[in-house]
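Take a look at the structure below.
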Amino acid sequence: MPPRKNLVETILFAIATLVFLVVMPALNLLPEDSTFHLSSFTLGVWGKYLCFAVLAMSLNFLWGYTGLLCLGQNLFFALGGYALGMYLMLMIGPDPVYKSALPDFMDFLGYKELPPHWKPFHSFPFAVAAVMWVPGLLAFIFGILAFRSRIKGVYFSILTQALTYAASLLFFRNDFTFGGNNGFTDFKTILGHDLRDPATLRGIFIASGVLLLLTWMLISWLLSTKFGKVQQAIRDSENRVRFSGYSTTSFKLFVFTLSGVLAGLAGALYVPQAGIINPSEMVAAKGLDVVVWVAVGGRGTKIGPIIGAIVVNLLKSWATREFAESWPLILGGLFVFVVVFMPQGIVGLPAQLRDIKTKLATRKAATTQPA
Amino acid sequence: MSQAPLHRGTDLVLSVEGVNKTFDGFKAISDLNFYLAEGELRTIIGPNGAGKSTFMDMITGRTRPDTGSLTLHKPDGHDIDLTKQAEYKITRLGIARKFQTPSVYTQHTVYDNLLLSLPRARGLFSSLFYRESKEDRERIDEVLETIRLTELRHSIAGALSHGQKQWLEIGMLLSQQPAVLLVDEPAAGMSDDETHRTGELLISLAGKHSLIVIEHDMTFVKQIARDGKVTVLHQGTVLCEGKFDEVQSNPKVREVYLGRGKAA
């Protein structure tokens, strides 16, 4: 019943549009003493969740619909974040201590002038382009190497994790010109707007909402075309697709590159809301987090990753306050539980409950029959 | 690229000449020669390890021969050297292959399985803007009719029985409108009735297409071979070739099949 499914999706899309673009920003505009006022802090937290949701969607596009499990989706996210972070660092301006326009960590390390690859990042459009092409190019090059050598399944996953690990080691180094383990922070302005101003934060929140909705539309459209059918066919039987005359390598390469670009965009909007980007965003554990979000929400469904990213992060912010020590255990337990008992995640729960209900009903019918 | 025109006038569609292939010192194919005529249904039999699957792998570009030539003769007189083509390009040239285990797209409908197999919009960007034409739908209906799955067109392929999946995959090959069909053990795991129907299906395809069928089940081989040629492969080379009865009574074949262990 595809039409009914489309209707449900349209309604959910409309609700998300209303909530993220109208209701939440409007509540933030209410006077601070109002009961319904949404603080800029809370809005910022939700803005980060929206970025995580886009990150989860980018992984789901790759893993849920093409069968390629990337354990380094956070690397593309972080690269997008770093690209915008470079622009934000240059917008800080001269500081009172060192009296130079260089980013603080460069003054500290004794740089006299800006390294050449930093210079174009004074331009916002250049930074935004870099947010997309840097992760995209990395995914493209890695993809060519992996897919042409027919690396797939678990081997592909391990290699993406190794790539992420290598990149994080590089970014942890002070002499890599990206601030070492402190990364970038203390941002002041974006496009001339003060980052402490509630209006600026609201604008970035709305931008995150728009990115989420556009990503949703793009993925929905791709899945509705023949391209989307081929993509899913690759997941189910790549050999058959190849022996039907398709170059599966180009399809996979396109999907991987696009998912890298989407993750990069999510990272770029995350950084001004988080106020910091450092190599801890690139560690292997963060890549696994994204996998858990997608699995919990429902892999291979359109809204599953959005729900998963938001639910798991809400749970995290609650659990780390209540019992910080055991959060990793909770997260791990949640993942195991979902994989074993809820293969379709939260989104698949209604169908699963319906199944159980019909099973119980038939069993009841079977036991009452002899009487 | 082109071969010496020794086949001219004989309507060959595929020539395999002097092919050798070694895997880590094991000679899988040794000096193999094989010719397939247009519209022919050829059955290949042979004990395990005779090189049957490797033979198909080489025709479809999955494995490359160490020496020798594999040539596709197009109806327009062009000869194509298959050893230099990528797998998906060989498919586009009109060589379709069915795998031993059914490979269908389990999450797609039967209809979509066939749709994706049509030789249309197989490029990355053309697939984004492809709309199925009336002609495409008719072609799919025709294939559905041939493989007797018309009623199940909207079913998810993963829900089909084993036999139906095998027929669907044969249908997917037909959608490609291939010149040559390579069919690897289509009857494996089927009931007697399903096996018989598969045989009828393959026989009905001969003439319109050229087929190579690998099979173990002798009843099935007898059914589909009829008066056609059967090729016996043994240790990577052709042991003998002829009609089913001739092959069956050939002492060398009996030796290979019955007296294994003695023969080295």
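Cβ coordinates come from backbone N, Cα and C, glycine included.
The model shown is predicted, which means the values in this text are computed figures rather than measured ones.
Lifted from TrEMBL, the feature list:
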TRANSMEM  A:7-26  transmembrane segment
TRANSMEM  A:46-63  transmembrane segment
TRANSMEM  A:75-93  transmembrane segment
TRANSMEM  A:124-147  transmembrane segment
TRANSMEM  A:154-172  transmembrane segment
TRANSMEM  A:204-223  transmembrane segment
TRANSMEM  A:243-270  transmembrane segment
TRANSMEM  A:290-315  transmembrane segment
TRANSMEM  A:327-347  transmembrane segment
Mind checking which residues of the chain, 6+ beyond the ends of the transmembrane segment (A:124-147), have their Cβ under 8 Å from one of its Cβ atoms?
75-77, 79-80, 83-84, 86-87, 156, 159-160, 163, 191, 248-249, 252-253, 256-261, 263-265, 267-268
Dominant neighbour of the transmembrane segment (A:7-26) in A:75-93, A:154-172, A:204-223, A:243-270, A:327-347, by Cβ pairs under 8 Å:
A:204-223
Could you check whether the transmembrane segment (A:204-223) packs against the transmembrane segment (A:75-93) - three or more CB pairs closer than 8 Å, residues at least 6 apart in sequence?
no
